[in-house]
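Participant: Pasting a structure below so you can have a look.
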Amino acid sequence: MLYEMKPLGCEPAKLTGLSEKLIFSHYENNYGGAVKRLNAITATLAELDMATAPVFTLNGLKREELIATNSMILHEVYFDSLGDGGSLDGALKTAIERDFGSVERWQAEFTAMGKALGGGSGWVLLTYSPRDGRLVNQWASDHAHTLAGGTPVLALDMYEHSYHMDYGAKAAAYVDAFMQNIHWQRAATRFAAAVRD
């Protein structure tokens, strides 16, 4: 299977506090790099003779495949989460209020988690857990750690490549800018699909 980059779903010039240069660099270099890396790993695995390949080679490739796959998927959720998508309402708002007590409580926790990752790396994810039938805020230290069985509804990339060009070490300002640019309709669509499945 050959993976392809999904088109950028937002208009970078219309985002508040995030430059076009930052968004295009992040999209092309980091997301695009993950897609290219996954295609290369997939091709290598397809050619690997499983009967004779050293187990450490297979293990290394499978680990890198997981990292590249999650990087690709999380970047797709991240970029799809950006834009002018109206306000939070409907079933997603109701679920956030049910699972966090209020939208303000959810936002305070999600934002604080992002700011705590400043200068580090990882993701902050609003994830639907089908096991528990609820939304959870999740910290993922890298591309290989996400909630098993969970579906990311909203993704905040906290690797330095996502903000350093615009904000330097001021990760907290980047988190605030991200929160102003959430495309709630797309997040609601992901939530509805996760609940249906």
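Every residue gets a Cβ built from N, Cα and C, even glycine.
Residues or ranges marked as Fe cation binding site by Swiss-Prot: His26, His75, Asp157, His161.
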Participant: With DSSP assignments reduced to helix, strand and coil, which class does His75 (Fe cation binding site) get?
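Facilitator: DSSP assigns His75 (Fe cation binding site) to helix.
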Participant: Around the C-beta of His26 (Fe cation binding site), how many further C-beta atoms are within 10 angstroms, looking at every protein chain?
Facilitator: 23
Participant: Neighbours of the Fe cation site His26, His75, Asp157, His161: Cβ within 8 Å of the Cβ centroid, same chain, sequence order.
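Facilitator: My list of surrounding residues reads Tyr27, Asn30, Tyr31, Tyr78, Tyr159, Ser162.
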Participant: For His161 (Fe cation binding site), what is the tally of other C-beta atoms lying within 10 angstroms of its C-beta?
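Facilitator: Result for His161 (Fe cation binding site): 14 other Cβ atoms within 10 Å.
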Participant: What three-state secondary structure does DSSP assign to His161 (Fe cation binding site)?
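Facilitator: Where His161 (Fe cation binding site) sits, the three-state DSSP reduction gives helix.
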Participant: Quick one: what's DSSP say for His26 (Fe cation binding site), helix, strand or coil?
Facilitator: helix
